[in-house]
Amino acid sequence: MDRVRFKASGPPLRGWLLLATVTVGLLAQSVLGGVKKLDVPCGGRDCSGGCQCYPEKGARGQPGAVGPQGYNGPPGLQGFPGLQGRKGDKGERGVPGPTGPKGDVGARGVSGFPGADGIPGHPGQGGPRGRPGYDGCNGTRGDAGPQGPSGSGGFPGLPGPQGPKGQKGEPYALSKEDRDKYRGEPGEPGLVGYQGPPGRPGPIGQMGPMGAPGRPGPPGPPGPKGQPGNRGLGFYGQKGEKGDIGQPGPNGIPSDITLVGPTTSTIHPDLYKGEKGDEGEQGIPGVISKGEEGIMGFPGIRGFPGLDGEKGVVGQKGSRGLDGFQGPSGPRGPKGERGEQGPPGPSVYSPHPSLAKGARGDPGFQGAHGEPGSRGEPGEPGTAGPPGPSVGDEDSMRGLPGEMGPKGFSGEPGSPARYLGPPGADGRPGPQGVPGPAGPPGPDGFLFGLKGSEGRVGYPGPSGFPGTRGQKGWKGEAGDCQCGQVIGGLPGLPGPKGFPGVNGELGKKGDQGDPGLHGIPGFPGFKGAPGVAGAPGPKGIKGDSRTITTKGERGQPGIPGVHGMKGDDGVPGRDGLDGFPGLPGPPGDGIKGPPGDAGLPGVPGTKGFPGDIGPPGQGLPGPKGERGFPGDAGLPGPPGFPGPPGPPGTPGQRDCDTGVKRPIGGGQQVVVQPGCIEGPTGSPGQPGPPGPTGAKGVRGMPGFPGASGEQGLKGFPGDPGREGFPGPPGFMGPRGSKGTTGLPGPDGPPGPIGLPGPAGPPGDRGIPGEVLGAQPGTRGDAGLPGQPGLKGLPGETGAPGFRGSQGMPGMPGLKGQPGFPGPSGQPGQSGPPGQHGFPGTPGREGPLGQPGSPGLGGLPGDRGEPGDPGVPGPVGMKGLSGDRGDAGMSGERGHPGSPGFKGMAGMPGIPGQKGDRGSPGMDGFQGMLGLKGRQGFPGTKGEAGFFGVPGLKGLPGEPGVKGNRGDRGPPGPPPLILPGMKDIKGEKGDEGPMGLKGYLGLKGIQGMPGVPGVSGFPGLPGRPGFIKGVKGDIGVPGTPGLPGFPGVSGPPGITGFPGFTGSRGEKGTPGVAGVFGETGPTGDFGDIGDTVDLPGSPGLKGERGITGIPGLKGFFGEKGAAGDIGFPGITGMAGAQGSPGLKGQTGFPGLTGLQGPQGEPGRIGIPGDKGDFGWPGVPGLPGFPGIRGISGLHGLPGTKGFPGSPGVDAHGDPGFPGPTGDRGDRGEANTLPGPVGVPGQKGERGTPGERGPAGSPGLQGFPGISPPSNISGSPGDVGAPGIFGLQGYQGPPGPPGPNALPGIKGDEGSSGAAGFPGQKGWVGDPGPQGQPGVLGLPGEKGPKGEQGFMGNTGPSGAVGDRGPKGPKGDQGFPGAPGSMGSPGIPGIPQKIAVQPGTLGPQGRRGLPGALGEIGPQGPPGDPGFRGAPGKAGPQGRGGVSAVPGFRGDQGPMGHQGPVGQEGEPGRPGSPGLPGMPGRSVSIGYLLVKHSQTDQEPMCPVGMNKLWSGYSLLYFEGQEKAHNQDLGLAGSCLARFSTMPFLYCNPGDVCYYASRNDKSYWLSTTAPLPMMPVAEEEIKPYISRCSVCEAPAVAIAVHSQDTSIPHCPAGWRSLWIGYSFLMHTAAGDEGGGQSLVSPGSCLEDFRATPFIECNGGRGTCHYFANKYSFWLTTIPEQNFQSTPSADTLKAGLIRTHISRCQVCMKNL
């Protein structure tokens, strides 16, 4: 309570002083009661009666001896949370979050560097796409790309066991800012520590509180008038010299005042004090209140005497003050008379320490023996001191103790005090009391007393009387008990020293105490014992009369004497006793001192409760610790997954007859004597404790198959497999049933007499034929299932099905074979001893036992071999250097981590060496229609390329336009009928000449299909169609034969049955190249031949035929009208070639027939002559999208292009809309591609087809390197034949597209692959009945007449046998499209399973199919090879002037081409691209390239490498940094050392690796090491560099944006990167890069792009004090916004780093 102050507010309160005294005394009791037990109501007090009075506590005794060390207490309760600290610094990178969802497809990367300029070719118009070339050789393996950025850390592992304490780290003094940055959060209160060993005796404690007031001394004589003193305590005297630093004072009582700081929290007095917290921020001014009185410091030097103050009001007696210095004795005053014994004065409570010295206390306990001090000399008498310091108000004088007042009344219970009240006014001085009893022991004195003045020899004083026992105090009233629910608090702080107790009974005289320690000189004591005889004093004042006078009145108290002068320092006193521990002091603010020596080891504490798992620390991983002791056995883990069954063990064998146990199972075995009999098996032991997880076992043998489980649910259908190759041809099917009698046919012209054929057996009756007007029947039943086909190619793996439902448990499997012996279990507890059994006979060798159940894990085994290196952990903050640990055990392989986030686009790699020619890339997307180019120069004809892979099957074409009807021929002469002619079928006659064009006749009745006619010669090439034909079957690819002679179009023959497979023809010789001819006019279409709807098997691959000569130009013939009815003849011999018939009359238009079957493919014509150059055509239709390319490699990011020149709006002339054909049938699926024919003659311009819908885009091809150029390349060589393409899937037919604009005439395309025969079309409607013919006599063979009108259907003849294979007929012209007929009647399916026939011969090339609708784009096929070069197009118009590209690499030397014809002079071309940088006289610029990997970088194209080395960033010597410009050659040291320099002093002495100097190097992307790396381990972390000789200076340009900046005009790019500005490391030293230097543009971005190497230690490491500074992205509004603070985590950093490009001037 002596720390509570009251300040009287003025005179009105003085009257309440007595009441305040009592009240405060009671309050003190209630307050002090706060430390009592409060966990029961009323703190355990009996509140039923009145308040019990507790006697006042006596003075504190001497400290007892140090007790024995106590036991470890239990862990303390968790303390209350400490105050909220200031906001911490930015934390390190957090633990990676869970893998996010897959991000959207990122933006397309920047374009790669432009390649080197090629040698300009002759400008020519691009030919059509050539055939694909063969695959090129695989390229050489490129240089390794730059190391990717470090992957994000894995998920935090489980906390490992507590490692041993690491070695003490190196001290590092942080600056104040760094201390603030790295200051940790206040820790939790620690556990109670062990009792330490007794410490050394501490320094003498501070002066204790004052004792009770002693009796007042006799008044001294008035001293001489002092010099004017300061006015009371209110004014300050002259500043004294700085005193010695006092010891820290004890802590004040905790206050309940809430201090409002930056963070608002209430300070509770009962909280444990935590460790020293961080330095708080500047608080706002607190509540103004007077603080506690500090402990009096060491005395200052003596001040000047103050002026006399006015007499103050008599103040209340203050508490005893600190003893002042020993003043000199004043002049002796007149002797007073002895006063009467006064009554004992009352105990006075004063809130202030008393200044009066108490009476001598009881002897203290035996103190420790100190060194005997030297005896001091008697001091001189001092002069009278100045008035002592007043206590309380300025003008009050110190009063004497008052008498004990009467007992006051009980006051009202006061409300609990929240704040300290003001001090009360000083009371008036009471009358002097009698000497009090002995006070409590005085405080320990200071170590060094002040030397007193030499004193005068005093007289012996009388012995004091024993004091009487004090009177008993009054019993107080019972206190109010507040019996509310009281929560037990923590132990309170030690209470203040209590008031002095009432005088007790006189004790016995104590033993002589040891001499006390020297204390600070006190006030003058009572008269001492007789001293040593002093020197004679001066003559005294005349004494009183010897006569007895009346007793004088007690004199007034004398004025306090003037302060004496400061005496000399006294002899050091003995050490005082240890004081009690002080209250915790306030947090100090000194700088953290160096670590002290290690203390003695404490007693091991009890195991604390496990703390919560803390968050992962942020230090760098510490070194690998020593191997720890085996940990306690953990709780049993969950049962592991059953391992695979082991292989059967070898059977054990017990040989009791030999006395030896064979080591079958391995290990040392005991000897069994002959006649041994094993005892019965003991009961199983108790399970042993589980062992640690064993190492991963070797893979066991596969177990036996278990019982089949229930069938799972059907999975989702897989992707359709590729179509298989055609099966072998089936057996010939049975002959069809005989048809019904048909309508009579028209009499044909008599044929030549045929050779007699063998008589065929009569055929069965056929199915009724079609009757005019009959409706088609319903669809027949489905046929029987065919034989299983051959196994198809495996389909693509389907998507995984859903997980099936849990199957029913299977039946118990068969008993498995015994497995390997299980691991040894823990030894079981001993079972009870069995009874002694009889000895058994030796057993036979038993069968192999079943495997034992796996034993529980054993105890920790011996130390294993070092495990595999673990996965590198995330980079933490630097940890303290730990003890070097043993290698830990190998951990089990973890589960694969979740997929990481999609990384940012990596930095472009270093340009590798030019690789070998790679495989051709896939076609890119169809580009937009370009502008019409200028006419180019004719290119030189390229060499013949290889044949390409056949393309995919085309989509069905639309039906062609019906041709005009041909002329009617003249009637032939009657045939000469010879005997036997009607019995013999004649052979087919020769082909007649082409008839004249007839008029259009009426459409005849649909006749029955005739027997197959002889194939005609191939017709001339038709005009190229714009629309794809019907997708034909894929034949076996043959090598393309040379085109045959063109035949004239014969009349349509009847399609024969499929022929047998022909043998492969011989390979023809290639024809000579024709001269350039003019484009011939388009030939007429021939008649379309009928086909029998039996599809032929795919033919074998034929050899390449001889090149045919160009066919004659045919007339545009049509189907002739029916001739006059000839005499009926039998089939005659082949007649001579007839002359052309007369032109027939025009017939009526026939009915539209159904779409006929697809004709056989025609032969491939020879290439026509090259036409003259035409004028530029109108723009062509957009091509179909190309097939999907394989994924290209990621190109280097390109530079941002310049804005292109504005294009010319040029639309072609609108074309005529083409007719919309009927929708064709869906073609059969292609199996193998046919051979590519030679190009046909150039056809006339076809009518444009309808525009198909846009196909789905193919996959993205390789990004092309497209330097702008307006010069077309020359046509390439003809490629070699391609390999067979795989069959694509059939795409569904698409809807008809809108009418397209007319396209320009395209270049002549290559002939398409030969198609298979189409499917049989529907039977057309029957034509009108013809006139009946008369039977004629057999005539001689006349000339072949034109085909007559269809006659009536004749009676059905017998079905003839299959005739021999006829000769190949001519190719017919495309027929007119028929109208859709009504469906035919369904055939009766034969119920026989037909074997597939053998592979038939390759059919002839069919006619162009009808125009089908454009189907949707099928799935992308495999990439094709390079096509043959197209013809040179006409010269294009001059292109727009292009931006100069960059210089590319020089291509390889081309082959010598043939001498081309002289082309027409072209228009002047645009300026060419800049050439290679030439060697100049002034060459000698240096360029440094840093790879930021451990691979040497390549110099840019055209530059020589001068040397390569290691990328030096800067040095640090004598704590100063010396920076290197990364763009200059000095940053590329040829050799690496952690200490590449030494230092020399002026004394001609140099030192190497003797200081803490450092070197800093650009680093690689190698994973951050846990510990500093040394020697060879350093190499993967140091970036390599090359110094190149450049023809011009290189500069860096920075975009201050995320986009790549452009090089200035006339400069080319060398590399792109990130804008590196500066760096700092140890000691806040560092450097920076000039932003114009290439060193400021690093190709790769890292948060820490360099590593620190310590020269003295020879190690390198990434320490936490490295900072890199980069230019950031700045929005365009430069002055319109204030930068906003932001923290970027990993993954977002590159979005705020400026990009840059290093450019070199083109010379």
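These residue numbers are counts, starting from 1, taken along the chain as shown.
Each Cβ is built from the backbone N, Cα and C atoms, and glycine gets one as well.
Of the cysteines listed (Cys1499, Cys1700, Cys1703), Swiss-Prot assigns Cys1703 as the disulfide partner of Cys1607. Checking the candidates Cys1588, Cys1641, Cys1653 against Swiss-Prot, the cysteine paired with Cys1700 through a disulfide bond is Cys1641. The disulfide bond recorded by Swiss-Prot for Cys1588 reaches one of Cys656, Cys676, Cys1499, Cys1660; that cysteine is Cys1499. Taking Tyr1485 (3'-bromotyrosine) as the reference point, the disulfide-bonded residues whose C-alpha atoms are within 10 Å of its C-alpha, out of Cys1585, Cys1588, Cys1607, Cys1641, Cys1700, are Cys1588. Separation of the C-alpha atoms of Cys1700 (disulfide bond) and Cys1532 (disulfide bond): 21 Å, rounded to the nearest whole number.
Averaged over the domain 'Collagen IV NC1' (1484-1707), the predicted model has a pLDDT of 92.
Among the disulfide-bonded residues listed (Cys1607, Cys1641, Cys1653, Cys1703), Cys1703 has its Cα nearest to the Cα of Cys1499 (disulfide bond).
Reduced to three states, the DSSP call for Asn138 (N-linked glycosylation site) is coil. Taking a C-beta cut-off of under 8 Å and a sequence gap of six or more, Cys1588 (disulfide bond) has these contacts in its own chain: Leu1486, Leu1487, Val1488, Lys1489, Cys1499, Pro1500, Met1503, Asn1504, Lys1505, Leu1506. The local packing around Cys1660 (disulfide bond), expressed as other Cβ atoms within 10 Å of its Cβ over all shown chains, amounts to 24.
Cα to Cα, Cys1653 (disulfide bond) and Cys1532 (disulfide bond) are separated by 16 Å. According to DSSP, the compositional bias 'Low complexity' (203-213) comprises 0 helix, 0 strand, 11 coil. Under the three-state DSSP scheme, Cys1588 (disulfide bond) falls in the strand class. Take the Cα of Cys1532 (disulfide bond) and measure to each of the disulfide-bonded residues Cys1544, Cys1607, Cys1641, Cys1660: the nearest one is Cys1641. Around the Cβ of Cys1544 (disulfide bond), a 10 Å sphere holds 10 further Cβ atoms from the protein chains shown. For the disulfide-bonded residues listed here (Cys1532, Cys1585, Cys1607, Cys1700), the lowest count of other CB atoms within 10 A around the CB belongs to Cys1607. Neighbour counts of Cβ atoms within 10 Å were taken for the disulfide-bonded residues Cys1499, Cys1550, Cys1641, Cys1653, Cys1703; the minimum is at Cys1550.
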